[in-house]
Structures are given as C-alpha cells and as structure tokens.
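See structure below.
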Amino acid sequence: MQNTYSVNEVKGIINAGGDIVTDKPISVLLTDSRRITNPTASLFFALSDRRNGHEFIADAYTAGVRSFVVKQRPEVIMADANFLIVANVLTALQALATYHRNQFNLQVIGITGSNGKTIVKEWLYQLFCPEKNIVRNPKSYNSQIGVPLSVWQINAGHNLGIFEAGISTSGEMEKLAAMINPSVGILTHIGTAHDEGFESPEAKLKEKLQLFKNCKQLIYNHEVLLNYKDELSDIECFTWSRKLNAANLYVFSETAISDKYYLRAIYKEKEIECLVPFRDEASIENAIVCWATMLAMGYSPADADDRIERLSAVSMRLELKHGVNDCSIIDDSYNSDIQSLEIALNFLSQQNQHYKKTVILSDIYQSGLQQDALYKQVAQLIKDKKIERFIGVGVDLDKHKKYFNLPETHFYADTAALLQDIGKLHFREETILIKGSRSFEFERISRALGQKAHETVLEINLNTLLSNLNFYKAKLNPGVKVMAMVKAFSYGSGTFEVANMLQYNKVDYLAVAYTDEGIALREGGITLPIVVLNPEPLAYDKLTTYKLEPEIYSFTLLDEFVKYAQENEISNYPIHIKIDTGMHRLGFEEYEVETLCDLLEINKYVRVRSVFSHLVASDNEQHDLFTLKQIGIFEKAYAQIEEAVGYSVIKHISNTSGITRWPTAQYDMVRLGIGLYGVDAAVPADDAGLKPVATLKTTVSQVKKVLANDTIGYNRNGSLKNDGMIATVRIGYADGYLRAFGNGVGRMLVNGVLVPTVGNVSMDMCMLDITEVPGGVGEGDEVIVFNEQQRIEQLAAQISTIPYEILTNISQRVKRVYFYE
Ligand SMILES: *Cc1c(COP(=O)(O)O)cnc(C)c1O
C-alpha cells in the first residue's frame, strides 16, 4: 500500500519538460543527497537552498538515484538518468504533494499558530489513537519543504491526517493550505514569533487564516479572532475562552493540584471538568486547545477528560548522550513511526565516534501499512544504514524477524524481557539508537544504559549550532572557506559531538588548541583537516600520526618540526604560518618574515597550507584603525611568503566578529569561534539569526523556610530581609558556577522567575532566594542557569568577565546532552 507513481505520471502532474530514459516506479521523495536509502525508487528534487541543490545531483547519482527534478540539466552527462525539467523545483514538489493529497478523502486537521503547533499535533495524535489510523508530520516538519514530504506519507490505510503548517513570511500559507487541504482547522497560541516577516501582526494572522479557507470547522481562542468576522463567515466556529461566557468552552476555574492542573468549564450550559497532567503555562493552553478540539469533534466531556488526563510529554528532539562502557546513546524513546525512524537512523549514521552501531526498536503502531509491508520496509532501512546489531522489542517485530538479515539480531516480547537480558548484550563502545512507541516505555532502557547523572546538565542544541553556522556562511563572499574553532572542548560544548555535526555539514577546517584535543577528535571519527594552534614539540610524533596540522609561530618551532620531519622521512607536511600583526602573543614579527621566507623557499619537508594572523579587537570600533593596521601588515607578509614558496596559500585573519564587521578581510577563509555557539558582540542581541546553543540547567535539592535573622551558607554571608523561602540547587563552583556569583550577584530562572543567589556559593551547591516565586517551588524543580532568555552575556556582565570564560569554565563533570530535531 506504499505510494508509487511512475516517473511518467509525475512528469504530467508537475508539468515538466525533459525526456524519460527509463520509466520507474517512484515511492520516495528526496531533497537531501546525504539521506538516500532506497535510490532506485527515489525522485531527487534539486532544491536551490543556501547550497545549490544542483551541486548534489552528482552525489545522488553516484548513490544510485536515477530520477531528478531540476531547473536545468547538469553539464556532466548521465545518460541513464531521467531529468524532469521545471521552472521552479520547490513548486514542483508542492504540486506533486497537492496532487497526492487529493487522491484521498480522509478527514484532515490543519494546525497553525505561533506556538504549540507541534505539541497540539502530537497530543491530538495521542488522544485520537484509540480509534483512528493517523498520518501526521514527522517531528516538526511544517515548512514549505517539510509539509510536502509529510503529506506524501498519506496512504489508503489512514483515516485521519493531522498536519501543522508553519510560516515565516507572507505568501507561504496559500501553498501549505493547498497541500494540506484541511476540513478541520485549529489556531494555537498567537505570539510574536516571525513578526519580522510580515507588515504587521494583523497581516501575519490574516496570512495564517488562509489555512482555514476551505475548512468546515475551526477551533480557536475566542479573544484572538474578534476582528476577523469576514474571514470566518462560512466556517462553523468552536471557540474557547478563559474570560468569556460567550465561548463554546468557557474555562472559568483553574487550580494547580501538586503536579497537575484542574480545569473547570461551561460547555453546552453544563459544568464540565478536566485534569491536565502538566502545570506550565504553555502546556495548559495547549491542553485547552486539545480539549476544545475533542469536544468540537463530538467526543463526550467524560471521554475527553479521561484521555487528556493520560497525555504524556512530547519530545520532538533526539537526545545524544554518553552511556555506560563508553557508549553513545541516541534517545528517541517517545514515538515511533517510519518517518521519524528514518530521521533517527540518519542521525545515527552521522555519528562517527564508534565503528559499531546498534538499533533498539519497538513495534510500530498506526503506520497505515500492512504489517508485512511495514516490517519489510523497516528491515530494508536498517540494512541500508549498515547497522551491525538490531534488537527488536514487541510481538509484531518478533513475528517478522525473518526480514532482518544483519550480523546480529535479538528479539524480545517486551521491554521487561530486554531489561532482564541487558547484561548479556554487552553494550560497549558503540552508538545505540533507542527508539520506541510510547507504550513500550523505552525510557527505562535509556536509563539503564545512560551513565548516572549528577543532575546538572549542559544541553547543546545541534540544530541551533547549525543555523548559527549558516548565519555566518550567508555573510561570506563566494568561495570563502570556514575553519570552525573547536578548541577547549568546543568552547565547553563538547568534543566529537560538535565536530561531527560540523563535518557532516561541510565546514572546511577545524582548529584545536593542543595535540591531545586533536587526537580526541580523530578517535571520534573526525576526518576533516585539523589545525593545532599550540603544538608541543614533544608531541610531533602523535601530531603526524594523527594527521594533525601544526601552527608554526616561531623559528624554534619551525626548526624542530623540520628536523623531526627530516628524521622521519616526511615531506611536504602541511603547516600553517602565524604572523603576529599586533596581538603580541604568538607569531612571526613583521621583520622576521624575510628570514622565514628564506627558510621556507628551499624546504621540501613542509608545505605552507595557510598563512594567518589574529585580530585583537575586531568587534571594537574604538580600535578600527589598529585593525586596519593589522590587515596592512598581514597583506604584506602573506604576499612575501607566497612569492618565496612559489604557490598560493590559504589566507585568513577574521574571527567571529571580524566576519560581520570586516567583510573585506575574509580573504580565503574565516575562523569562526564563539559565533557558532551563539555569542557575537558585533551582532545585536535581538537579531533572530543568531541564537545561543547552550542551556545550563540544574535542579532543586531542598526547599527551606528561613527567618529574617537566620544566616545562610558558609561564613554567614547571606540572609533574607524578611522571613522567606530559599532553595538549595545542585550547582557550585566546582561545576563552573563561580563564587563571584554568590550573595545576590548571580541570578537563576526558577519556574520562569529570575531569582538571586543568597549567601556564598559552595563547591557543589548554592542557595537561591525563592520567596517571590508565585506558586512556590518544589524539590526536583528545574532551575535554569543560562539559556536563550537569561543569556551567557548577562552572566558575564554580572561578574565582569567575558562570555568565553563563562562557557569554558563549565566543568567536565557537568553532563553534556545534545539535541537534534
Ligand atoms: C579562538 C580563536 C579564534 C576564534 O575567535 P572567536 O572570537 O571565538 O571567533 C580565531 N583565531 C584564533 C587564532 C583563535 O585562537
């Protein structure tokens, strides 16, 4: 029951030109040449995104893809490939999705809004699961590309579709609406996200309403659409409100009861109730939206209450963390369907740190496919991704185990059976994907394989890291390379995890401070060229063994390296020459360049790969004249060196702030450091293009009442003005939360409220004044040290330092967890 169209059919549907060499059945739409699993059945859309999709045609062809939708034929001849030629590749993808959607007359719910779309979609999925076969966007695939790929999954086995649509600028919704074609609409929370893409907030809302043009029914917050009567004239509206009795669902009472939230409302002139298993503001609003939707769709209040009470948290993100016996764990234990399995397998195959890869998978529910077809497809995916070991959990997988032909397979009836056997599976030095349907409770497996956590974690959002990288790439002149600075554990953010992401997304170079850091990256499977900024002569042996490239900054260093090369019969070894143009830290001085040239000219042991220098104040206007002087000295020096060696070298001088402020000094490469991690003094804090990647969070270990005359912490330094409450949290100076933050200097976010420290910071703990937190604070509550809202820059300002120091101070005992959507 998988969808297939012949290439010829597709050609007609998207109205393409070009000849068909061999007509083939197409079942997979492909937009990323790195994600090929079933090449012969794939149709590759060469989308011109930031990187021109047409450059990837060759990669896809090499991987076996033979059908392409393109703007123009590639110059290289691929005689056995089909090229469908269209004016706009994205429009063609969308036209195909629209056509496909209209082959089915299942009920479809369309969701839009600024926040909560994905949660509402996933919760409705949980709520309607018992009687429906549901197709929905995988994760938050809700964009111009995500929606067509989502809609493509509809097949004859589904009887309900739930799709979210996200837009960032005007003109986009009409296209999404055509593809989704919903009969029931839901408008979730409206906030300020993406306001900049529209003339006004009203224009944004109008654009969003386009999704509901052909809907029969619309569910929304009564207050939000008061001024949009015309747009809604033909739609049956179901509204909810926390203020107005005029709404269909009027929520008139809200009470927090321990970790739940009790709602009472008037519906059809009767009082009804609902218990939400969450307490935070956003979850409550999303739950009300779901409640209204269930009622609007004809479910009884009792049924709605019963199901909402059992809603579970939604995590759309994969979590990558360290596990037992040096394993890496990819935790995706919240849902399982074939699309998100594919996404997770792609992430697994990006990991290079271990040779061995293992998948633990549960039965998949609600695919809309016959079991036989489903598990055949799953087995094929697993095989294509070259997984060594497969562990299946559930009776359905067990029934279909014959399809899984891998070096090692195990099948268990349920999660408990696997847990009982877990010692016998000898997990060691491998990357393990844990992916299961909700009901299998795979978080138990994840807990069994994860290392014990001290409950302070540094979360790194790899998607944000990637979008920061692209933010800077967009500022580069054509052809300029990127060296990503991953010294000092990637500014505290990790080692191979960050480097892996950068390698997969094609930066050109990496740089570390010391040889050992470079070795750790090589052992984590990083094959990119790596520069060592501070090579120790004693480690030349290791440096060359691991193919690391030294920065050469002095005659002594050059002399020693050349001697080493000579003795070990190494020739043409790549080196990077550092010129000191004003930092007065490392590098050849201007007057030394001539002698340096004499030495390099006749030298066959090394080859100058690059010549570079470092700006001392690229972000500071006050020193712009000095920066210009540095640039002048640099230009003279590299010209001399290039002339002496007789070949051209890579030239680079810009760090993060230099990229933004000195576009003329990009030369052949830039060295991107702290900007990758979301901090750049030269970019305004409200520029949405750059976001902090790291969140440091901890938890409350105890809550206490203290009186005005009590003292708090070592040396009796802290006290409260009046009687009040304090919370002890699990972070101290040994974690990198410096003593300087004590006694009210530092602040943390507790339940969304910024509260000051009180008393001295201890080694492993510190205390917060939580007297003013409304609703109180409980033991185990989450506490944010820094994130997008309370930024690293603010912490740095509190203790008169720079963000670099805050980040790199976070100690290695703080567990790093990586998220990927
Ligand atoms: C650390 C470093 C950089 C990166 O600087 P940012 O300000 O973090 O971008 C660039 N070049 C050299 C030589 C460095 O040591």
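Each residue, glycine too, has its Cβ placed from N, Cα and C.
Copied from TrEMBL, the annotated features are:
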ACT_SITE  K487  active site, proton acceptor
ACT_SITE  Y714  active site, proton acceptor
BINDING   R585, M763  substrate binding site
DOMAIN    693-819  domain 'Alanine racemase C-terminal'
MOD_RES   K487  N6-(pyridoxal phosphate)lysine
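Taking the C-alpha atom of Y714 (active site, proton acceptor) as reference, the shortest distance to any of the recorded positions K487, R585, M763 belongs to M763. Close to ligand 1, meaning a Cβ under 6 Å from one of its atoms, is not one of the recorded positions R585, Y714, M763. Restricting the average to the domain 'Alanine racemase C-terminal' (693-819) gives a pLDDT of 95. In terms of DSSP helix, strand and coil, the domain 'Alanine racemase C-terminal' (693-819) has 23 helix, 45 strand, 59 coil. Residue density at Y714 (active site, proton acceptor): 14 other Cβ atoms are found within 10 A of its Cβ, drawing on all protein chains shown. Of all the recorded positions listed (K487, R585), K487 sits in the most crowded Cβ setting, with the most other Cβ atoms within 10 Å. Rounded to the nearest whole angstrom, the C-alpha distance between R585 (substrate binding site) and K487 (active site, proton acceptor) is 17. In sequence order, G732, Y733, A734 constitute the residues six or more apart from M763 (substrate binding site) in its chain with CB-CB distances below 8 Å.
The secondary structure of R585 (substrate binding site), as reduced to three states from DSSP, is coil rather than helix or strand.
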